[in-house]
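Novice: The structure that follows is given in the form of structure tokens.
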Amino acid sequence: MGGGQAHADGDGIAQVLRAAGLTITAPRRAVYRLLFGRERPVGAGEVFDLLRADGSRLGITSVYRVLHSFAGAGLVHVFAGEEQRYRICDPVPHAHLVCEECGRVIERPADTVRQWLSAARHDADFVANVERSDVYGLCGRCRPGSHVGPTPSASTVGDTP
């Protein structure tokens, strides 16, 4: 992760929220701190449950409002599905490689993904928008027989409880 989102301490969170044009509130600090460093996107219900487990009294409606404000400010990427899931992302254009088994997300630079899709451009006269694309498959940790971990240029962050 980059783009000024490298600090989960109080001052770092305040700086990130201010830079995104958001008012600094206790609920926003709590949700940002919980999302920071997570490798796997989480839904609002899970955010709510994890905050409650830490003693927070933040309501589910407030969690949804905070996540919506983060998405609107570009602080999180929203992963569609049965339930929307959220993950703090680098603001630089990139694509997400999403493991269908464990939920791990690996960020790849948009230019790299554009190179992968160059065949589609030539074969089908199709230009893909990869600024915020999600590509689903199996990561090296989950693929049977694979001993491959993330490449050094992949942006991954350990999932913290």
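Even glycines carry a Cβ here, placed using N, Cα and C.
The following feature annotations were taken from TrEMBL:
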BINDING   Cys99, Cys102, Cys139, Cys142  Zn(2+) binding site
Novice: Around Cys102 (Zn(2+) binding site), how many other CB atoms lie within 10 A of its CB?
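Specialist: The Cβ of Cys102 (Zn(2+) binding site) has 14 Cβ neighbours within 10 Å.
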Novice: For each of the binding-site residues (Cys99, Cys139, Cys142), count the other CB atoms lying within 10 A of its CB, then report the residue with the highest count.
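Specialist: Of Cys99, Cys139, Cys142, the one with the most crowded Cβ is Cys139.
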Novice: I want to verify one value. Collapsing DSSP to three states, which class is Cys99 (Zn(2+) binding site)?
Specialist: strand
Novice: Taking the mean position of the Cβ atoms of Cys99, Cys102, Cys139, Cys142 as the Zn(2+) site, which residues outside that list, in the same chain, have a Cβ no more than 8 Å away, listed in sequence order?
Specialist: Glu100, Glu101, Gly103, Arg104, Leu138, Gly140, Arg141, Arg143
